[in-house]
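Feature list (source: Swiss-Prot):
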| type | residues | note |
| --- | --- | --- |
| REGION | 1-179 | region 'Disordered' |
| REGION | 192-241 | region 'Disordered' |
| TOPO_DOM | 319-831 | topological domain 'Extracellular' |
| CARBOHYD | Asn376 | N-linked glycosylation site |
| CARBOHYD | Asn381 | N-linked glycosylation site |
| CARBOHYD | Asn393 | N-linked glycosylation site |
| CARBOHYD | Asn410 | N-linked glycosylation site |
| CARBOHYD | Asn442 | N-linked glycosylation site |
| CARBOHYD | Asn546 | N-linked glycosylation site |
| CARBOHYD | Asn558 | N-linked glycosylation site |
| CARBOHYD | Asn610 | N-linked glycosylation site |
| CARBOHYD | Asn636 | N-linked glycosylation site |
| CARBOHYD | Asn669 | N-linked glycosylation site |
| CARBOHYD | Asn689 | N-linked glycosylation site |
| ACT_SITE | Glu702 | active site, nucleophile |
Amino acid sequence: MPSHSRSRDRYRGERDPSRRYREVYDDDDDDDFDYHPRERRRYRRDDYQHDIRSHESPNYNDDLNEYDAAAEDPAVPLRSHDVEGRRRERSRAGESPIASPSRRDRNRGGEEYRRHGTYGDGGSPTRAMRDRRHRSRDGQRARPRDMDREARRQRRRERARGAAAMKHKSSDSTNSGSHLLSADALAKLRSHYDEEDQRERSQEQEQPRLESKRQRKRPIVGDEPQALAPFPDETPRGQSKGRIVSGAYLEEGHPEMEVRHRGGGGPAMEARWRKEGNWDGTMEGSDAQPPFWKRKKWWIVIGVLVVVLAIVIPVAVVMSKKHGHDDDKSGSSSSVDNSDSPYISSLDGLSHDSIPESAQGSILDPWTWYDTRDFNLTFTNETVGGLPIMGLNSTWDDSTRPNDNVPPLNESFPYGSQPIRGVNLGGWLSIEPFIVPSLFENYSSKDRIIDEYTLCKKLGSSAASTIEKHYADFISEQDFIDMRDAGLDHVRIQFSYWAVTTYDDDPYVAKISWRYLLRAIEYCRKYGLRVNLDPHGIPGSQNGWNHSGREGVIGWLNGTDGQLNRQRSLDFHNQISQFFAQPRYKNVVTIYGLVNEPLMLSLPVEDVLNWTTDATKLVQKNGISAYVTVHDGFLNLSKWKQMLKDRPDRMFLDTHQYTIFNTGQIVLNHTDRVKLICNDWYNMIKEINTTSAGWGPTICGEWSQADTDCAQYLNNVGRGTRWEGTFAIGDSTVYCPTADTGPTCSCASANAPPADYSDGYKKFLQTYAEAQMSAFGTAQGWFYWTWHTESAAQWSYKTAWKNGYMPKKAYAPDFKCGDDIPSFGDLPEYY
């Protein structure tokens with residue numbers, strides 16, 4: 001849980017200690033301002049607080065940093081400050097209809113309508129156009145026949161009328177009255193001609209219908225396959241260059257994309273599917289369905305998919321459950337699992353009906369859990385201190401021990417005469433970016449995802465599933481087996497107040513981590529490991545660092561809600577102390593932490609001490625018999641000789657020691673670094689642990705063998721390193737052993753995989769770690785920070801232990817202070 005100021009000796013050995021203090025706590029440009037990487041633009045970061053001790057957070061106007069993208073993106077129009085120019089442009093647009101965008105769109109739409117109404121996409125005439133052309137040609141062929149027919153008809157009428165007239169006028173015998181046609185005969189003749197005319201007109205009217213029938217019987221496509229002609233490289237002159245489809249067109253009601261039918265497209269504005277089996281060539285029947293053979297094909301495809309899924313899904317479920325069962329037997333690795341399969345095989349054979357309907361879907365419902373391994377799944381809504389016991393077994397065994405050097409759990413641990421040898425579970429239930437960078441590295445720097453608060457807020461509704469998967473995968477039962485096998489005997493478990501409750505608009509995932517904490521304690525019991533409870537984040541944040549949950553202002557005992565959060569933190573301890581005062585935890589939870597690293601360099605010291613006294617009395621009143629720890633607050637340990645003299649009994653002072661956050665210590669070479677531990681730290685810890693010359697029983701709750709600050713996100717997300725001179729913006733000072741003499745220090749070696757470490761470097765790392773074990777062993781003992789990391793090899797006890805630069809057994813180191821410092825071979829000092 002390191003931060004950029006975690007060592008109590010942070011200011012000792014500085015070239016200018018006062019400058020360094022001002023840099024961090026007064027008006028540090030590193031914290032106040034960031035710079036644009038390309039433009040070197042200076043701006044205040046979001047959520048920046050001018051003074052960590054201030055009660056209010058000023059807001060800044062983002063308009064000062066308004067960014068105009070036109071210079072970089074030609075698609076973004078430049079802003080014009082020429083008002084007259086813009087007025088002239090608008091007037092020209094109004095005078096010329098072609099210059100008007102909307103008019104251009106309408107013209108383009110009309111032109112495209114005429115074009116699409118005549119020609120298809122391939123440049124060939126549409127069906128409607130061909131029909132019109134056929135009818136035109138047929139009409140042209142029929143026109144001469146009609147004219148001849150009408151001429152013959154007219155001549156017959158004239159001959160008939162002339163003959164009748166001659167017969168009436170003639171006096172010849174042949175034309176006498178006895179031979180004249182009667183009126184009836186003339187009427188019959190006239191009727192005959194009329195019937196002939198009617199038949200001809202009927203034939204003319206029938207001709208278009210017959211022609212349409214002949215067209216329906218024509219083949220739609222020929223024997224040879226046809227392809228659409230490609231679009232021309234250049235638009236023909238006079239033809240509009242309209243888009244195929246345009247968002248503006250659609251918004252203004254222009255035609256949709258044409259739905260093509262085989263043989264050519266329908267007219268523009270037409271988007272109807274034709275039923276291919278019985279289309280009669282008309283535009284009616286807009287409700288026609290797709291052809292039967294197409295519907296049948298899709299039904300076949302859907303049926304095949306259903307059958308495949310019916311086979312695949314059960315097989316996948318069975319394999320997933322088998323995988324989870326195998327993990328239970330062998331103990332899965334605690335490395336991050338990239339699969340999304342939950343560990344729920346223990347639900348097999350159980351009925352969801354065993355969970356009361358009122359509790360189904362709640363935090364007490366195992367069917368909502370991502371991981372059910374080693375939980376008691378028998379439902380109970382019983383609580384202690386308002387906290388659920390769901391998942392716990394009703395019996396337990398405290399006869400176990402991790403090794404023969406340690407008494408079993410049901411016997412007292414000899415604190416003071418035998419040192420604690422423990423590890424932390426950092427980054428697990430209280431997330432820290434440098435331990436689990438995979439949760440943070442996929443976001444842009446603009447998102448400002450820098451801690452668990454901003455991460456959960458960004459994840460939104462998926463926060464619970466994402467965070468619980470991390471809980472289930474990051475630490476498993478196998479880790480506790482490995483801790484035992486490494487010779488360790490204590491585990492300091494980090495958790496935060498949102499394991500119990502959340503307040504106001506907290507985005508944290510509430511209450512899920514509680515059951516993982518309880519299961520971890522049961523794993524510790526199983527392998528004889530004693531537990532140190534460590535509340536890492538309390539309401540309001542006790543230090544404003546990312547590992548408290550939220551980076552920024554300290555809101556605990558400080559600011560507008562300082563007293564409110566003081567009470568909330570006491571309420572938190574009231575609940576968890578009642579819970580862990582149960583008899584089942586008496587032998588396994590032997591150290592009880594109050595709050596991790598309150599920043600007493602910024603908080604009123606008396607307020608912190610008064611709260612510490614109140615909290616200790618509260619938890620002891622509730623039945624806690626474990627040792628209660630108070631952190632040194634980063635004050636010089638010598639000051640604690642006079643502090644909390646009238647404290648309650650059974651308390652430990654907790655100090656955290658690192659060399660890499662102090663610029664006077666990070667520059668030490670390998671040998672001098674070991675000397676610092678065995679000379680200065682050894683005597684300092686030994687003295688503070690005594691009641692006569694120091695404070696009393698003291699533990700070192702955090703330390704590591706890291707000799708650089710190179711790990712990703714170690715100094716906060718987006719922050720550089722002291723080792724390479726990138727830690728402070730505007731200050732490129734390099735803090736490493738060869739900074740003045742060369743060669744240049746690089747993080748490449750420190751961040752390399754452990755398999756690439758040289759034998760000399762591994763020897764140094766192990767000696768460096770064992771020297772600290774020796775120094776802290778002069779007091780109550782130590783807890784290494786931390787057990788497991790995703791990639792920071794120098795911060796993972798497990799990685800060091802498995803790769804040969806940590807003692808095989810923590811209780812049997814190869815080096816102790818007082819021994820000759822071994823040679824590290826040709827190990828370069830910049831390594």
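Heads up, the Cβ atoms here are built off N, Cα and C, so glycines get one too.
The number of other Cβ atoms within 10 Å of the Cβ belonging to Asn669 (N-linked glycosylation site), over all protein chains shown, comes to 16. Averaged over the topological domain 'Extracellular' (319-831), the predicted model has a pLDDT of 95. The least crowded of the glycosylation sites Asn376, Asn381, judged by other CB atoms within 10 A of its own CB, is Asn381. The most densely surrounded of the glycosylation sites Asn558, Asn689 is Asn558 (count of other Cβ atoms within 10 A of its Cβ). Taking the glycosylation sites Asn393, Asn442, Asn546, Asn610, Asn636 in turn, the residue surrounded by the fewest other Cβ atoms inside 10 Å of its Cβ turns out to be Asn442. The glycosylation sites near Asn376 (N-linked glycosylation site), taking a 10 angstroms Cα-Cα threshold over the set Asn393, Asn410, Asn442, Asn558, Asn610, Asn669, are Asn393.
The C-beta environment of Asn410 (N-linked glycosylation site), restricted to residues of the same chain at least 6 apart in sequence and closer than 8 Å, consists of Asp398, Ser399, Asn587. The shortest Cα-Cα distance from Asn381 (N-linked glycosylation site) to any of the glycosylation sites (Asn393, Asn546, Asn610, Asn636) is found for Asn393. The CA atom of Asn558 (N-linked glycosylation site) is located 40 Å away from the CA atom of Asn669 (N-linked glycosylation site).
A strand conformation is recorded for the residue listed as 'active site, nucleophile' in the three-state DSSP classification. Cα to Cα, Asn689 (N-linked glycosylation site) and Asn442 (N-linked glycosylation site) are separated by 45 Å.
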